[in-house]
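Novice: Before anything else, here's the structure in question.
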Amino acid sequence: GTPQKYDPTFKGPIYDRGCTDIICCVLLVVAIVGYVVVGVVAWTHGDPRKVIHPTDSRGQFCGQQGTSNEKKPFLFYFDIVKCASPLVLLEFQCPTTQICVSKCPDRYMTYMTAYGNPTSLQYYRDFCTPEFGNSQKGPIEVLKDKECPAMLIPSTPLARRCFPAIQAKKGVIMVGNETTYDDGRGHRRNVTELLEGAKKANVVLETRQLAMKIFEDYTVSWYWIIIGLVIAMVASLIFIVLLRFLAGIMVWVMIVMVILVLGYGIFHCYMEYAKLKGEAGSDVSLTDLGFQTDLRVYLHLRQTWLAFLIILCVLELVIVLLLIFLRKRILIAIALIKEASRAIGHVMSSLLFPLCTFFLLCLCIAYWASTAVFLSTSNEAVYKVFNESTCPFSGQTCNPETFNTSNVTKLCPDAQCLFAFYGGETAYHKYLIVLQFFNVFMFFWLANFVIALGQVTLAGAFASYYWAFKKPDDMPAFPLFSAFGRALRYHTGSLAFGSLVLAIVQVIRVTLEYLDHRLKAAENKFAKFLLSCLKCCFWCLEKFIKFLNRNAYIMIAVYGTNFCTSARNAFFLQAHPSLVSRVAVLDKVTDFLFFLGKLLIVGSVGILAFFFFTQRIKLVQDTAPSLNYYWVPILTVIVGSYLIAHGFFSVYGMCVDTLFLCFLEDLERNDGSAEKPYFMSQNLRKLLKK
C-alpha cells in the first residue's frame, strides 16, 4: 500500500466523517420495510394451528377451541389400509374418509355386528360422520354412502392420529391378540395388511418416546445445567482476567494443560481398551451394533475406545508439531495478546457487548422462524376427488358443498370430495415460494448486518486505544458507545454492503445444499461432481469474504471510508510482500491459541459434567439426578460452555485483529523518529525488531 501522510493530529478513529455507501443504506431500509410488509401479510393469512392440529376430510381442525371439534382432538381414518405410512399421513391426505373423534377405538367391532346391538351401535356412532345422526338406513346403504367405517380396530393416538395398536408377540404381528380380522365386508384379512397402512408408526413412536425421555431429563437436570454454564462463564471471566496480567504465563500454562489433558485422555482410553480385552460382546463392531439411543452401550465396545485413542493421539501429535514449528510466531502472538489484554482492560464493557449482538441475532432468528411458519400455513383448504376405481375426474379440485349434485358422482359412484392439502390459486399463493426465499435471504442479510455492527463497534473501541499516544489519557471517555454511535450514524450503508455480499454467497450455498439433497437419489455422477465442486468453491469464497469484511470493518471504524475503499486498503496493507507470510501465520497462530483456550474451558467443564452426571464424584453422588440418558445434560453443558467461551474469546479475537491492522498501518505511517513516532508499545516493537 502507499504510505499514509504523517498527521500529528491523528489520534485514532477520525471523528469528522461523512456517511458512506448511502445507496446500500437506502436499499437496506427499503428491504426491511418490505420484510415487515411480508411478515404482516403472512401473519394475516397464516394459521399456525395447521401445524399443530390434524384436519378432517372437510379441512376442519381437530381439537380447535370454539368449534364443534373442540372436544375431539384425534383424527380417525375409516380405512387405514388405504394409507401408505403415518409419516406420509403427517403431510398428505389418504383416499379414505377422516373424522375428528374424542378418543380412539379401544375394541374390535364391525358395523354389521354393531347394527343389531343398540349398545354397540351407540358406541359405533362416535366414529361415524355427522350426517349419520340417527339414520334409519340399512347397514349396506350406510357403508355405501361412507357414513360409518366398515370396522373398528383397537387403536392408539400417535401425533393426534388414531393408528392400529399393532404389537408383535414371539415375532407374530397381532392386533388385540388376533392375527386376522374381519374387514366389515365379510372377508377375513391378515393383520400384516394393517401393518402396510401403519408400517412406519413404530419408528415415529420410538422417536416420540426418545423425545419424551430427553424432555424428562431436562426437567430434572435443568438447574444443574445452569450451574454448569455459570461455572463456564466464571471460568471464562477468570481466564480473561488472568490473561490481562499474566498473558505469557497463561498461554504457556494453557498449552501445557491441553497437552496434559489430552495425554490423560489417551492413557484413560488405552486402559479402558485393555480392560475390555476378552470381555464377552466387547469385540462387536460399531457397524454391526448400529445406532442405539442409550450411548452407554458403545462404552462396552473395544472399537469405541480404539477410535477415541486414535483421535486423541492424532490431536496430540498435531498440537506438539505446531508448537515446535511455530514457537517464534507464538511469542509474537503472545505479545499481541498481552496488548489486547491491556486494551480490553481499558474497555471492560467490550466483554459484555457480545450479549447485545446475541440478543439482536435472537430477534432476527425469531422473526425469520415465525414468518416462515405463518407463510407455510397461509394456504387455503383445497379439496380433490378421491376414488378407489378408475375415474376421469380423479385428482381434480372439487367443492364439497356441491359435490353430491355434480356429474362426478353420477359417472364415478364411489368418488369422494375430500380435503387434500392447503394451497391456493391467488397471486399471493402462487408467489409463496418467492416470499419464503425472500424471508431466508433477509434473515442472512440482517444476521450478517448485526454481526458486522458488533465487529465495527469493537474495532472502533480498540482502535481508539491503539492510536492514543498517551494511554489511556488520549482515549475518549466511553470508547465503545462512541464507536457504536459512529457506526450506526455514518456507516449503516457500508455495513449493509458487506453483509449483502456475504448474504448472497450464503443463499447460493443453501441453494446448492438443497439441490445436493434432491440429487442424492439421482444416478447422474457428472451433476453430483459439478455440484460438489461448486459447493467447495462457494465455501472458500464465503471464508474469504468473511476475512475481507472483518478487516474492511476495522478500516471503516478507523478512517470512516466506504466499504470498497476500506476492503482494498486493508487487503493491500496485509498483502505487503514483506508482511504477507507473517500476517497469514500470525492470524492463524492467535486463532489456534484462542482455540486452545476454548478447548481448555469446554474440556474442563465437560469432564466435570461427565463425572457429576454419571455419579462418579462420591461427595455429590446422591445429589446427581437420575437420568434416562446422561449424555443429554452433558452435551448441553458442553455446547453451552463453548458458546459462552466463544463469546468472550471473540472479543479478544477482534481486539487482536484490530491491533494488528493498526500496527501495520503504524508501520506504513511512521518510522519511529521523533517527528514520526510509533504508537505501538515497547514490547511489541522489540519482538518485531522495529
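Backbone N, Cα and C atoms are what each Cβ position is placed from, and that goes for glycine too.
Automated prediction, rather than curation, is the source of TrEMBL annotations.
Straight from TrEMBL, here's the annotation block:
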type: TRANSMEM; residues: 21-43; note: transmembrane segment
type: TRANSMEM; residues: 222-242; note: transmembrane segment
type: TRANSMEM; residues: 249-267; note: transmembrane segment
type: TRANSMEM; residues: 305-326; note: transmembrane segment
type: TRANSMEM; residues: 347-369; note: transmembrane segment
type: TRANSMEM; residues: 442-467; note: transmembrane segment
type: TRANSMEM; residues: 488-508; note: transmembrane segment
type: TRANSMEM; residues: 552-572; note: transmembrane segment
type: TRANSMEM; residues: 592-615; note: transmembrane segment
type: TRANSMEM; residues: 627-649; note: transmembrane segment
Novice: Which bits of the chain, at least 6 residues beyond where the transmembrane segment (222-242) starts or stops, bring a Cβ under 8 A of a Cβ in it?
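Specialist: Distant Cβ neighbours of the transmembrane segment (222-242) are 250, 341, 344, 351, 597, 600-602, 604-605, 608-609, 612-613, 624-625, 633, 636-637, 640-641, 644-645, 648-649, 652.
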Novice: Would you say the transmembrane segment (442-467) and the transmembrane segment (21-43) are in contact under the rule of three or more C-beta pairs closer than 8 Å, pairs 6 or more apart in sequence?
Specialist: yes
Novice: Sequence gap of 6 or more, Cβ distance under 8 Å, 3 or more pairs: do the transmembrane segment (442-467) and the transmembrane segment (627-649) meet that?
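Specialist: As far as Cβ distances go (cut-off 8 Å, pairs 6 or more apart), the transmembrane segment (442-467) and the transmembrane segment (627-649) do not touch.
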Novice: List, by number or range, the same-chain residues at least 6 past the transmembrane segment (249-267) whose CB is under 8 A from its CB atoms?
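Specialist: Residues 239, 242-243, 308-309, 312-313, 315-316, 319-320, 323, 330, 333-334, 337, 593, 596-597, 599-600, 603-604, 607.
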Novice: Please give the sequence-distant neighbours of the transmembrane segment (488-508): residues at least 6 beyond its ends with Cβ less than 8 Å from one of its Cβ atoms.
Specialist: 17-28, 440-441, 444-446, 448-449, 451-453, 456, 538, 541-542, 545-546, 549, 552-553, 556, 560, 562-564, 566-567
Novice: Taking a Cβ cut-off under 8 Å, which residues six or more beyond the ends of the transmembrane segment (552-572) line up next to it in the same chain?
Specialist: 1, 12-14, 17-18, 20-21, 24, 452, 455-457, 459-460, 463, 467, 483, 486-487, 490-491, 493-495, 497-498, 657-658, 661-662, 665
